[in-house]
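What TrEMBL says about this protein:
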DNA_BIND  B:129-228  DNA-binding region
DOMAIN    B:8-121  domain 'Response regulatory'
DOMAIN    B:129-228  domain 'OmpR/PhoB-type'
MOD_RES   B:Asp57  4-aspartylphosphate
Amino acid sequence: MSGDSAASASGRSGGRPGRPVGRKTRGSRWGRLLDGGLLQGGVQGSPVIRLFVRWVRRPLLPVMRLWRRNIQLKVVVTTLLMSLGVVLLLGFVVIGQVRNGLLDAKVKASQSQATGGFAVAKQQAEEAVSVTGDDGAAADGRPSQSVIQWMSDLVESLSSGGQGAFDVVTLPAGDESGSGRGPRASGQVNPTASVPAALRERIDASGSAAQSYTRIVYDTKKDSQPGLVIGKQVNDPNRDPYQLYYLFPLTQEEKSLSLVKGTLATAGLFVVVLLGAIAWLVVRQVVTPVRMAAGIAERLSAGRLQERMKVTGEDDIARLGEAFNKMAQNLQLKINQLEDLSRMQRRFVSDVSHELRTPLTTVRMAADVIHEAREDFDPVTARSAELLADQLDRFESLLADLLEISRFDAGAAALEAEPIDLREVVRRVVSGAEPLAERKGTRIRVVGDQQPVVAEADARRVERVLRNLVVNAVEHGEGKDVVVKLAAAGGAVAVAVRDYGVGLKPGEATRVFSRFWRADPARARTTGGTGLGLSIALEDARLHGGWLQAWGEPGGGSQFRLTLPRTADEPLRGSPIPLEPKDSRRDRGPDDAGLPRGGGDGEKRATVSARQAGADGATRDPFALRPATVTPTADPTALPGNGARVVARPAPPARTGGTRTASGTQSGNADDADGVPEAVDGAGPGADDDRDRGPERGAGAAGGEGGRSGTRDADTDGEASRGRR
Amino acid sequence: MMSFMKGRVLVVDDDSALAEMLGIVLRGEGFEPSFVADGDKALAAFREAKPDLVLLDLMLPGRDGIEVCRLIRAESGVPIVMLTAKSDTVDVVVGLESGADDYIVKPFKPKELVARIRARLRRSEEPAPEQLAIGDLVIDVAGHSVKRDGQSIALTPLEFDLLVALARKPWQVFTREVLLEQVWGYRHAADTRLVNVHVQRLRSKVEKDPEKPEIVVTVRGVGYKAGPS
């Protein structure tokens, strides 16, 4: 751990500036870590490191986001970097060439000057020998005063020809120091410091002329300056070797070079900046219309349909703008048309509503008055009065349902959501359905109402949905119990209405929600209901962002489940109550054993037995919300697409008792009590259905699915059902 | 204070057939109906007839029903029952906000109509002198008056009933359904918007700051209760 804390300490210093720190420290361990992990975000290691990396990343994030999102910035920065590279390269080449050109000339001139100087020195030495030969011979190896003087004169005379263009230095050859022939120099040049030691050694070794660049150092306060030094070993009048150097200052050349460098740097900087500016301008020309298009597209999608792009010229950008505007125009036209249609539809519904209802009210009241007085009539007229009143009831509810559903179709239905306790709603619905239940001999049980089940919902609509479900369940429950189960979990609440009546044949679970759908067309007229109740219920559920789904098995009863999000704007992820009740196979078990089944039933039977095994292990408590073995809450086939396909199939030749009207708002004597739900017919369509759906199909369950919500449900629930199989 | 009132009913409706039918039914139940078909003449007819209840169709020629409702409410607390063909949210809520006590959706059954009218005409059946306190308000039930610091506050009979219902049991939270039953006389579930709208109207009259109600307090997810006195 100490390593980690050290890491954060060392990294902190590197990580503080707001630019990619990883680049700078490349090569070191932490540099590699930052480089690989910081910018990609994929750091493995201890939490401390990860924490640290996150801490370092944070200030960089805006910059990275800007880089990712801003193409103009990208282009400008790239242009700047690349032009900087080009300018630097160009500058180095140019400077190199200029320097070579300048120095070549200088060196040649210097060489010829020096060569001449060396010749003069040699000549003067020979002349001096011929003049003072005797003196030299008389000397005992020590330089005589005349030689010392001679050398001073030599330096003086040689340097006097240069007019300050060069200086002359003499140095003793080899290690011979301390003698009288010490170093001499013209023009206050420091002789030993100005001649590089390497050059001296070279000349000592070879004796021929050699040259080198150096800095000329002066004894006075004068600044040292760059120079070229050319030297050679020559002999003095005593024939002793000494080194003669010519020093040529390169001040002029250096000045010229730095001038060129300065010019180039300035020009380069300008070029880079200008290129950046040009890139910025050019990109802006392209990016501005694109950004405008993006902004306008966003505003269009937000509903401001009159937004248009400004189009100037005839270039590609202008064509983009024109096409965009044309698109927007057409879009606006279509949407306006649709809105007009919708408005007209709503207006029409509203008008029909009023125009029909006022006379209907009069008729209704008149019929009631006549109905009240029917005892005074003759039997025919009295019966007519009864029929009139009854059918007016039916007409009214049909009209009400029609208007309601056309309100949904026109999108005029508004949700008045507020927090309600579903137990209250259920209580009202159940007490409202009690009279009907008593007539049918059905007992309605409510379970799961120990705790409040609160959700943001429209009480009126939820009550309408539940009343529909409960009345349906009672009507088709064949006098057996109806169980209303409430549950809340996660972000959802659910109410499931379970009956043990005729149930649903495979595929009917989706079709029950179709408008005017009846399981048995031949018997449709005898049962009450408008055929719109479940369609309206489904629309009500959808309006809440909820689901209304159905499950049923032939002879095993059915379960309708309403799932609502706890808060109005929360998407549903699942339902607290499984769509298929856990007691489903308890009913099916005896059926399977006791009844002959069709040929294609093998798969179904297998599924059933497998499920039974699982169920015996699981608790049979009907209150449990989610059993350990996950029960599919929606069948994959319950998706809208599948539903449409199922609906398209012709209605099965139903002679079995499964008469379920799509509505139960009215009481009707469902004379299906004597139906034989497990008749062979039941297996026929079932097997057929199995083949249709292939392996996707999960047992006898089928979920009626609430449109868009269904696709959401498919992920979780579909998986659950796969898992079970 | 009659315990069972057979009163005068003003029917404001432009549909002559419906008006006639309403007349037949109302007379059959012992009411005294009078009629007006035009919204512009409704207020004059109201002043002349001095009805105990107004049956008001929302769709009228001339002034529409909402406007008529507002005019009548401006000068009287007489019960107003709207007749409406539209149960859409906006229409009903606008009607209630303009002062109607109750509404009934066409087509209705005669019994339903009569029940609604009776419920609105049924006045306090126990005229026992009773003083109630709710918040800083003092309610004289028999005298049908509400006072704050001696200043009396004008409430319609319905609003008064609503306030009294809450004040009688200050410890109880009333669900909207219970209020509908006790105040409006609905036996089974009805439109809870009735309660919402009238609570708002009541608050606008009795609360010091209707935004922060202290007399009629909302209990989220349940209903309403009387504020601490």
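Placed from the backbone N, Cα and C atoms, the Cβ positions cover glycine too.
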Enumerate same-chain residues with a sequence separation of six or more from the residue listed as '4-aspartylphosphate' and a Cβ-Cβ distance below 8 A; give 'none' if the list is empty.
B:Val12, B:Asp13, B:Asp14, B:Asp15, B:Leu18, B:Gly65, B:Met82, B:Leu83, B:Thr84
According to DSSP, does B:Asp57 (4-aspartylphosphate) fall in a helix, a strand, or coil?
strand
If you average per-residue pLDDT over the domain 'OmpR/PhoB-type' (B:129-228), what number do you get?
84
According to DSSP, how is the domain 'OmpR/PhoB-type' (B:129-228) divided among helix, strand and coil residues?
35 helix, 25 strand, 40 coil
Tell me the residue counts in helix, strand and coil for the domain 'Response regulatory' (B:8-121), as DSSP assigns them.
56 helix, 24 strand, 34 coil
